[in-house]
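Trainee: According to Swiss-Prot, the protein carries these features:
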ACT_SITE  E131  active site, proton acceptor
BINDING   H130, H134, H140  Zn(2+) 1 binding site
BINDING   C141, C146, C165, C168  Zn(2+) 2 binding site
Amino acid sequence: MRVDIVPVGDVPAHVKRQASSSLRSVYDCEVVVASEQDVPTAAYDEARSQYRAAEFIDTATRATSGDKTIAITPHDLFYRRRNYVFGLAYLDGRGCVVSTYRLQTSSDGGFSNRSSSDVFDDRVRKEVVHELGHTLGLEHCDNNRCAMNFSPTVREVDRKEENLCGSCQRTVF
């Protein structure tokens with residue numbers, strides 16, 4: 001399986017490296033980092049000062065031909081009535097998106113004795129695994145350590161692991 005990572009907007013190189021490394025490690029897949037795509041201006045909702053997540057998926061999937069496509073963006077995303085989302089994917093679909101905007105440690109109000117860059121990198125790794133998992137047919141998992149566990153806040157993201165639990169692994173592999 002080939003997974004294309006599509007930066008939408010200015011995504012730092014280390015974020016692309018973390019995402020690539022995590023996807024290769026967990027899913028044993030080929031990963032290609034595609035060229036940066038422009039932010040879809042029509043996706044911006046002025047009243048919310050946020051972007052519609054689904055349009056980032058559309059932008060990324062149009063730009064590549066991989067088996068799966070994951071858009072990564074530094075912009076704040078929302079979906080339907082949710083205040084924000086870390087990412088969005090369509091179950092068994094081809095594309096998904098991860099926003100790093102709310103994965104920054106300055107946004108969480110939490111605490112950790114680890115460096116903020118390490119915490120951020122871990123969050124990125126977990127969320128790309130999570131969103132790609134949805135495109136592979138995985139739904140949210142009840143195991144709070146599994147990468148597929150629903151994580152509405154960064155505290156839940158921090159609690160889970162980068163890897164899939166045994167049950168989710170059996171479903172995918």
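Here the Cβ of each residue, glycine as well, is placed from N, Cα and C on the backbone.
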Trainee: Take the mean position of the Cβ atoms of C141, C146, C165, C168, the recorded Zn(2+) 2 site. Which other residues of that chain put their Cβ within 8 Å of it?
Mentor: L138, D142, N143, R145, A147, M148, N149, L164, G166, S167, Q169
Trainee: What Cα-Cα separation, expressed in whole Å, is found between C168 (Zn(2+) 2 binding site) and H140 (Zn(2+) 1 binding site)?
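Mentor: Checking the Cα atoms of C168 (Zn(2+) 2 binding site) and H140 (Zn(2+) 1 binding site) gives a distance of 10 Å.
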Trainee: If I restrict to non-local contacts, at least six residues apart, and a C-beta distance under 8 angstroms, what lies near H140 (Zn(2+) 1 binding site) in its own chain?
Mentor: M148, N149, F150
Trainee: Write out the long-range same-chain contacts of C141 (Zn(2+) 2 binding site), meaning residues 6 or more apart in sequence whose Cβ is under 8 Å from its Cβ.
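Mentor: Those within reach of C141 (Zn(2+) 2 binding site), by Cβ under 8 Å and sequence separation of 6 or more, are M148, N149, C165, S167, C168.
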Trainee: Take the Cβ of C146 (Zn(2+) 2 binding site) and count every other Cβ within 10 Å, whichever protein chain it belongs to.
Mentor: 22
Trainee: Would you mind pulling the DSSP three-state label for H140 (Zn(2+) 1 binding site)?
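Mentor: DSSP assigns H140 (Zn(2+) 1 binding site) to coil.
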Trainee: Enter the number of other CB atoms within 10 angstroms of the CB of C165 (Zn(2+) 2 binding site).
Mentor: 19
Trainee: Can you name every residue in this chain, apart from H130, H134, H140, with its Cβ inside 8 Å of the center of the Cβ atoms of the recorded Zn(2+) 1 site?
Mentor: A89, E131, G133, L138, E139, C141, A147, M148, F150
